[in-house]
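K.L.:
Just dropping this structure here.
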């Protein structure tokens with residue numbers, strides 16, 4: 001158990017490299033721009049307390065896709081996969097530990113999102129009850145976890161096939177950002193089978209819910225099921241394949 | 001100069017041996033054909049530009065990502081030391097990479113224009129050589145300038161970060177961020193002001209405009225060429241000064 005915790009701690013430490021600091025600086029700038037613009041333009045926010053909206057939420061999406069593809073992909077890119085996956089822990093255990101650490105790390109952004117929102121609302125002069133804050137905090141936190149789980153499972157699956165984090169990153173971008181932007185147009189303009197297919201695609205549901213910071217129960221169940229299935233398939237392939 | 005051209009042709013040949021570029025082109029063609037098949041039965045207006053922008057949805061990303069694959073890959077695969085310290089000067093190597101990217105841009109641009117023209121011809125049953133080659137020269141110039149600008153920008157990022165994944169993320173992020181900021185700014189701005197014009201016609205926006213609508217003016221072309229040239233010169237200075 002101590003070993004698992006130390007691996008988990010090491011994984012979180014590993015996340016904090018230059019890219020994270022660059023991302024955090026960009027996220028802070030985008031968050032300020034977002035909130036100032038939204039305030040000046042009197043645009044509605046999806047959730048009253050959410051601080052990361054629009055551009056900053058989009059940056060988070062790209063960062064999550066990067067994390068999802070980098071979690072295992074970096075081991076193959078840096079040639080450390082043999083060392084990491086041939087330790088006393090099985091490949092599945094290593095991937096489980098990494099996944100939990102990454103899920104914990106990314107879920108913190110959900111809390112960060114609400115904290116910024118609260119600060120902005122405080123400056124504007126709005127007040128909320130503690131119950132309201134807690135329920136929003138919980139729902140946004142769930143949105144972050146569900147969204148990142150689906151990205152992570154797709155990342156593991158693509159890495160298990162390609163062993164290349166760049167390909168995994170591109171596939172993630174295509175599925176979660178590009179397909180979503182096309183999906184919006186199809187859903188708005190089309191009334192045929194394409195609309196039905198697009199509306200039920202997990203990637204569309206995941207991105208659509210994340211952009212509004214809201215998933216209904218059906219979405220959560222569907223996305224969780226999808227993530228678990230893809231995650232298990234990815235694990236199975238990694239277990240069966242020879243490491244590079 | 002001959003050796004530079006030889007290297008760039010070799011580079012293009014190598015690239016076309018990979019599945020990545022073929023599958024991207026296949027998806028772009030398939031996507032355009034699917035939209036053509038789903039067209040309304042009685043379109044209000046239709047000209048040779050009707051099916052132009054669909055292929056651009058995907059080729060846009062292809063042109064953005066390709067420079068990272070050709071140049072930054074050398075740093076990721078650790079072949080940069082061999083290449084940049086060989087018998088050819090660094091300028092020669094960078095020039096050959098740029099030439100190969102321009103060549104790829106020409107190939108993608110030609111496919112883009114021919115496909116759009118061909119689909120219109122099929123729809124209207126008006127097969128003439130003029131219709132088939134409509135605007136092909138303008139399109140080639142657009143693609144050449146866009147490829148030049150994007151390649152120079154990628155070279156700078158690649159030579160600073162020495163990382164393929166960082167270059168890809170930075171490029172995607174810059175273009176996405178710019179389009180989002182542009183969208184938000186233009187909601188409230190008077191479109192006749194100089195600032196609005198500058199926002200609308202900055203080089204990053206011109207790349208999208210050129211690939212989606214093929215309507216770059218002469219001043220747009222000059223802007224892309226000049227900024228591309230400046231960026232290219234900066235990238236040459238960086239690579240000459242840096243230790244590899």
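In case you wondered, yes, glycine gets a Cβ from its N, Cα and C as well.
In TrEMBL, annotation is done automatically, which means it is predicted and not curated.
Since we're looking at a predicted model, the values are computed, not measured.
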K.L.:
Any idea which of A:53-73, A:74-94 is down as transmembrane segment in TrEMBL?
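P.N.:
Range annotated as transmembrane segment by TrEMBL: A:53-73.
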K.L.:
Name the residue range among A:21-41, A:189-209 that TrEMBL annotates as transmembrane segment.
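P.N.:
Spelled out, TrEMBL records transmembrane segment over residues A:21-41, not the other listed ranges.
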K.L.:
Which sequence-distant residues neighbour the transmembrane segment (A:220-238)? Criterion: at least 6 residues beyond either end, Cβ under 8 Å.
P.N.:
72, 85, 91-92, 95, 99, 142, 146-147, 149-150, 152-154, 156-157, 159-161, 202, 205-206, 209
